[in-house]
Amino acid sequence: MNKHTFGKVKKEFYGKTSKGISIFQYSLINAQGLIVKIINYGGIITNILIPNKFGKYQDIVLGFDTIEEYEKYNSKYFFGAIVGRYANRIAYGRFTIKGITYQLQLNDNGRPNSLHGGINGFHTKVFKASSHLTPEGPKLILKYRSPDGEEGFPGNLDIMTIYQLTNNNELSIDFYATTDKPTIVNFTQHSYFNLSGIGNIYNHLLQINANFYTPLNENLIPTGEIQSVKNTIYDFTTPIKLEEILKKKNYEYDINFVLNTSKHQPSLAARLQSLETGITLELYTTLPGLQLYTGNYLDNVKGKYGTIYKKHFGICLEPQFFPDSPNHPNFPNTILEPNEFFHHKIVYKFIFK
């Protein structure tokens, strides 16, 4: 095979953090011309550039133009970031492992919860990066050691994230972790998608492969129940145009679905399609849950290309373990022991003409 059919990787200087650390942007380009740009600050996907049916490149993820903006604002929005140590919410920032109770920072916009690993979670970390060209396509390896006690979590946690862009137009994300002390682990990727490239997401069709969801209390914490989506506003088992629910019915979503998936191999979790551009995203994962967030808190923030992001200008589909799992014994286990090896996978498959 000609080496050029593997695609290519470009490394460019992106900027410096407020502490003077140089940040680099890695462009993964496959043989089809699909481009994914990632920075080693927060493992953030800054751009996904797809040729649409009009033959023009469409950037289908929200984000900022500069490292300064990511540093200043992304602890509120988490645009494109790797989220951890614990994605989503933990009630009162407390959990117990083997009789020891740990207290995390509360950072959930006034609610008494820990959110997305804390104020200085993985979305703020500088990862050690290395890029490689393989027969399957270009890939980027990001590594970070989270020290014992960071953000209140126990154990030295070594994490590795591998982004790989295949020549089948799939972006795979593998999360790996080991620990030297019992701890909790829940990683996700927090990209906001807009397959039309700009404007609201009302012209998107959404389907989620989930027959159940986890109801929430007033603090957006699961009650512990697992309920059927049938005859509820959470039934996305058949495709729904987002305009019908977000605009006409004024519903908003920030909730976890119990996926009909397998932990042994990536299974279809969701399908999103723009009726305007014809671009489709299929999401596969080994994780048991999916957080649907419809950009409810986008509040006229200035994003890339000078675009003002308003409510419903992006949608997050976040594969995950369930929120607050450490405090619900009936939820899938999120405790990682020193003799265990954490590995889960997310795959974004892009379909375009």
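In case you wondered, yes, glycine gets a Cβ from its N, Cα and C as well.
Record features (TrEMBL):
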- Asn88, Arg89, His190, Ser191, Tyr192, Asp254: beta-D-galactose binding site (BINDING)
- His190: active site, proton donor (ACT_SITE)
- Glu318: active site, proton acceptor (ACT_SITE)
Number of Cβ atoms other than its own within 10 Å, given for Asp254 (beta-D-galactose binding site): 17
Rounded inter-Cα distance in Å - Ser191 (beta-D-galactose binding site), the residue listed as 'active site, proton acceptor': 8
Rounded Cα-Cα span from the residue listed as 'active site, proton acceptor' to Asp254 (beta-D-galactose binding site), Å: 10
Other CB atoms, at most 10 A from the CB of Tyr192 (beta-D-galactose binding site): 25
Three-state secondary structure, which DSSP defines for Arg89 (beta-D-galactose binding site): strand
Rounded Cα separation (Å) that holds between Tyr192 (beta-D-galactose binding site) and Glu318 (active site, proton acceptor): 9
